[in-house]
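Novice: If you look up TrEMBL, you'll see 107-132, 187-206, 277-301, 321-344, 365-384, 399-416, 423-440, 452-477, 498-523, 563-589 marked as transmembrane segment. If you look up TrEMBL, you'll see 390-496 marked as domain 'TMC'.
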Amino acid sequence: IWIFHGFYAEEKLVGNLASMSTSERIKAIQKMPRTMKQKREIRNKVLKEITEESRHHSSQLLCCPQCLQRTVVSFRRFGNSLSECFHLLQLTHKTLKIIGASFGTSVLSYFIFLKWLLAFNIFSFVINFSFITVPQFVAAEPNNLTFTGLELFTGAGYFQETVLYYGFYSNATISKTENGPSYNMQLAYIFTVVIYFVICFFILLFSMAKSFCRNFINPQMFSGTASKLLCVWDFNITNEKAVKLKQKNISMQIKEDLAEVNQEVLNFSATERVVRIIIHLVCWVASLGTAIAACAGVYFLSINNLKVFVKEHKNDFKSQAAMLVLPIVASLLNAFIPFFYSWLGHLERFQTPGYQIYVTITRNTILKISIIGILCYYWLNIVAASESQCWETLVGQDIYRLVLVDFIFCLLGSFFGEFLRRIIGTTICVNLGLPEFDIGRNVLDLIYAQTLTWIGILFSPLLPGIQIISFSIVFYVKKVSLMMNCQPPRKVWRTAQMATSFMLLLFFPSFLGVLSVIGVTIWRLKPSEECGPFRGLSSMYDVVSEWIKILENYTASKWVVWIYYNLITSEFFFFILSVIALIITYLYWQITEGRKTVTKFLKKQIIN
């Protein structure tokens, strides 16, 4: 019986391996806890089984179960091929390991955040391109404008009559044939944008909750230095370079843990405390005053530029170059003022590097969100009420130029801020030494660029595609600049909560502010009369109201009408949702507090 059972198990194993793809089969055989001779015998039996099966299928007609089996195998092979492709696309995995081993988790958190934003923009581009841009190609008219090359920098000219901007999209129902299926461009445009932002809202909430739970609520209980020394080594690593990289990574983690444990608490006298408070107040007044002055300059410059664009309507080189004045000034302010904030942080002499980074990030957030807020006020209250034939396209062009110039200044910042700083610190003024990677400034640059992209999606649906290219280039430029020009932080410190802070800043004030701008545009502002999918309407939201009125005449669509009137437009429904969310948050907080108490008790027991 035992021999028969073993023979049956081996035949079943061979049959399962024969149904796998080649790469999947190789991996499965390699993982078997058997000798090389036994693995070769199994491989030969599998190949023999595949040969006999192929002959059998060629000689007989396929029946339904065999068709089903082949379909399952085909899908399995297709899935395996896709997983291999995604594995090849993850070229940044090794780069992140090297950065974490050499510069610690604080610098690594920036590159992880950049990689996450890159994946997020790929998702955005796929949605907009699939449901908005591709249908427009069917009804697109030929572009009679000439391409000069200057459009790559200004976003105007030839690009104005392309799918890049809102004004090019049709307000008609697109149908390839007379009696064929139709595609309502108005409903597709507004539903794609609204559903996209709803998905983004839940993705950001899930990412924040996951990061918060991992770094604040459920930190690893056995994350001490002893456990890292004794339990963290991966014995599957055999490559010499991988071994050295793993050693550096563990060494850096232990240094960060020890730095947190051995953190000194400085005791200041009363006079020293007063002096430090005065220095902090002066620095905050200087930073806030700088932000207010920058916003005032951007506002008056934007007003002056709008007068030139709307009244003169010139397309010569001088007028095209004048379009770049506003984005260049905004990028100059965003590039140089953060250096001033970093200098203020060094002047304040915080006790830990973490405090300095968080204060710098807060000041940069105030600056960048203030500039974006002034620009949004300019777009929604001044440009929308101007004499422009298509104010939505004008806003889209402004955002395109801001994104492009910000990308160029980001690359120039790596050159002037890190490369030249290294040259000066190693040749002219040796006392300065190599520069450190400015995490606060670089993270806020990413959040600023992503905020502009979110605002511009309504006015320029393909803007995430441009941001994919810029973020990809920024990732590798920053990586090369970091390796060549920067040194690891002088004070080693652990930043497990840094990624959570980045996600929180991306959600508030960035994403919630963008939702406010998009909401005002859709519900309050009147679209242009001569361009775009919502031309001739009093607001973009009127498309949904008219569609609901049409559905009221169809019995099969009564449930959609009921959901619209009783849920979507009901303030009481959203009030109930808010109460439920608060209750769930309170219960979750109570559970986590109890879990923290249990964790502390277990740690004390382990130590004792």
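Note that Cβ sites are derived from N, Cα and C of the backbone, with glycine treated the same way.
Automatic prediction, not curation, is the source of TrEMBL annotations.
How buried are the listed features, and what sits near them?
Specialist: Here the transmembrane segment (107-132) has long-range neighbours at 92, 95-96, 99-100, 169, 188-189, 192, 196, 200, 203, 207, 437, 439, 442-443, 446, 450, 453, 457, 461-462, 464-465, 467-468, 471-472, 474-475, 478-479, 482, 488-489, 495, 498-499, 502, meaning same-chain residues at least 6 beyond its ends whose C-beta is under 8 angstroms from one of its own.
Through the fold, the transmembrane segment (321-344) approaches residues 153-156, 283, 286-287, 290-291, 294, 297-298, 301-302, 305, 308-309, 360, 363-364, 367-368, 371, 375, 397-398, 401-402, 404-406, 408-409, 412-413, 417, 438, 440-441, 444-445, 448 of its own chain, all at least 6 residues removed from its boundaries and within a Cβ separation under 8 Å.
Listed as Cβ neighbours of the transmembrane segment (423-440) (distance under 8 Å, sequence separation of 6 or more from its ends, same chain) are residues 103, 106-107, 109-110, 338, 341-342, 357-358, 360-361, 364, 417, 482, 485-490, 498.
For the transmembrane segment (452-477), the list of distant contacts is 92, 111, 114-115, 117-118, 121-122, 124-125, 128-129, 132-133, 163-166, 193, 196-197, 200, 372, 376, 392-393, 395-396, 399-400, 402-404, 406-407, 410-411, 414, 446, 510-511, 514, 517-518, 521-522: same-chain residues at least six beyond its ends, Cβ to Cβ under 8 Å.
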Novice: Summarise the domain 'TMC' (390-496) as counts of helix, strand and coil residues per DSSP.
Specialist: 79 helix, 2 strand, 26 coil
Novice: Verify whether three or more Cβ pairs under 8 angstroms connect the transmembrane segment (277-301) with the transmembrane segment (498-523), leaving out any pair fewer than 6 apart in sequence.
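Specialist: Judged by the Cβ rule, the two regions do not touch, with the required three close pairs absent.
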Novice: At a C-beta cut-off of under 8 Å, are there same-chain residues at least 6 beyond the transmembrane segment (365-384) that contact it? List them, or none.
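Specialist: Contacts with the transmembrane segment (365-384): 287-288, 290-292, 294-295, 298-299, 302-303, 306, 330, 333-334, 337-338, 341, 391, 394-395, 398, 402, 444, 447-448, 451-452, 455, 505, 509-510, 513, 517, 520-521, 525-526.
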Novice: Under 8 Å between C-beta atoms and at least six residues away from its ends: which parts of the chain pack against the transmembrane segment (187-206)?
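Specialist: Apart from its flanks, the transmembrane segment (187-206) reaches 120, 124, 127-128, 131-132, 135, 169, 454, 457-458, 503, 506-507, 511, 514-515, 518, 522, 533-534, 540-541, 543-544, 547.
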